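Enquirer: Next up is a structure, given as structure tokens.
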């Protein structure tokens, strides 16, 4: 069967998501090993020698660098999209969840649900992504599969149900009972887990497995209440229910987001990975199951709903940009409708720019294959796109459709950066430009007043990693300043301004006259600039110049020079001079006018507030809470289990520099914390005065 003819129902677009240390990379690596080693579908059991490298290979921590990898299993094509586990990279998680049809959430059998797992789970809820869970690291000291299932219910509000019962635990973990087939699976150590034996359920687990299976069937009956025949069987004769019936009801429940089945295993010891692959195919949705996609028709601003059809109009979303040393700029896309052919001319409807596809590439675990076309349900890479960035829609030139954008959070931390030598200046500019194209949460701005380049990102780790990439990939050395908080400015009342820009110094002069009205926009909505000019008081050709001037004026605030956000600007009146008016004059005038209006609109400084979760031994709880209060923190709540307490709080980022070190000394190194940007809030007056003085 050629790739082109792949049946839509046989495609799975999935992501593997987890907390940073839950073993996501190992799980992904083993999936690639079992499914991606050969392109012959489902041929896995090579056995013996080819496996030798696995056990000696000490966890190298390979992460798929490619955004999407294609493997084959049980006659299905699985596109795996990688998602990072660290909070500084939430945009990566956002953009991958946006294009997924289903996901596998990996949890650590000892820790269960950790703070970062909650963040990723919330993001998956936002996009309605169906999930199955894999409790990993069952061979670790303190592993507890059932406690992990309970923590999913308590902390995530998930409808988590056990579909396995572990046989043995910690170093004695040898396999699991599959509650659906009612068979015990024992993994053979001599094949490093590649093969297993099906045996009868051990005597000591029979009663427990019968209870667990009945609980699973009861849960499935409530998930699909329309299936009365299944419900009656559960009540009257549960043993008569076939595996096929269970899989059918489970698939429906997973796709409708009503149930989250939980498997167990240990990816490092190769136990349970093939079982996970089987249920990815059996339970997670195909693009067909996910149904219509919603967009806007730009010609009439009406909503459109596109069916996932090969012969439908083209609609694709660019979700990641990568720079490849051999191929150049690669744009990863997901096709929701229609077919995209190599060499075709298309429209980037978000930017209203025409693009041409020079090559189409399908990424396998470690190699790329050229393709002539991608069709509905495919995830792949395009070469040749010049203007497209994360979140842009690609469609046919006569079909102006825009899909829902990917939400991009505002950066919260700034650093000054300069090349180590003058010769590196141009290389640094190229590196910064390429990195900001790849990562929309990484911004580069110039502070003209002090002649500095400022880089902004989602956290210290985020900027450190980008700095490493500059050295490794772009061979450019740079000096960076200390991390600074990325403050913003906004206005709190409405105001207006009337500004004239007039210069007369012999010969042709400069003349522009602009009247603006401004008001606060909804928080998080960004700046909006609208022309309400009627009757040609400012000629049509000068309006874009006024808008550009206003936009540039908002880039530097009126209190301390931080960018203004959430301001709505209406251009309402003005005048011009036949000879002396020019685009430049109106641009300068627009910038002056918006600054004047903002000064009168009670401007304030906003600071990033971080959501922090601290996990600490209970005997240090008082110290941790006291310390957060001293940092202007607002405690949101706390919970305790097994001698450990989790404190959730919101704290200004400016108070959190060096927090990890002070938490270590406060708790003798026994507490851990995670932090993620939450929102921007008004700075207290006293602190605002200090910032302005600086």
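Note that Cβ sites are derived from N, Cα and C of the backbone, with glycine treated the same way.
Relevant sequence annotations retrieved from Swiss-Prot are reproduced here:
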BINDING   18-25, 82-86, 136-139  GTP binding site
DOMAIN    9-288  domain 'tr-type G'
Enquirer: Quick one, of the binding-site residues 18, 138, which Cβ has the fewest other Cβ within 10 Å?
Expert: 18
Enquirer: According to DSSP, does residue 138 (GTP binding site) fall in a helix, a strand, or coil?
Expert: coil
Enquirer: Starting from each candidate's C-beta and looking 10 angstroms out, tell me which of the binding-site residues 21, 83 has the most other C-beta atoms.
Expert: 83
Enquirer: So what's the mean pLDDT when you look at the domain 'tr-type G' (9-288)?
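Expert: Per the prediction, mean pLDDT sits at 82 for the domain 'tr-type G' (9-288).
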Enquirer: Would you identify the secondary structure of residue 83 (GTP binding site) according to DSSP, in three states?
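Expert: Assignment for residue 83 (GTP binding site) reads coil.
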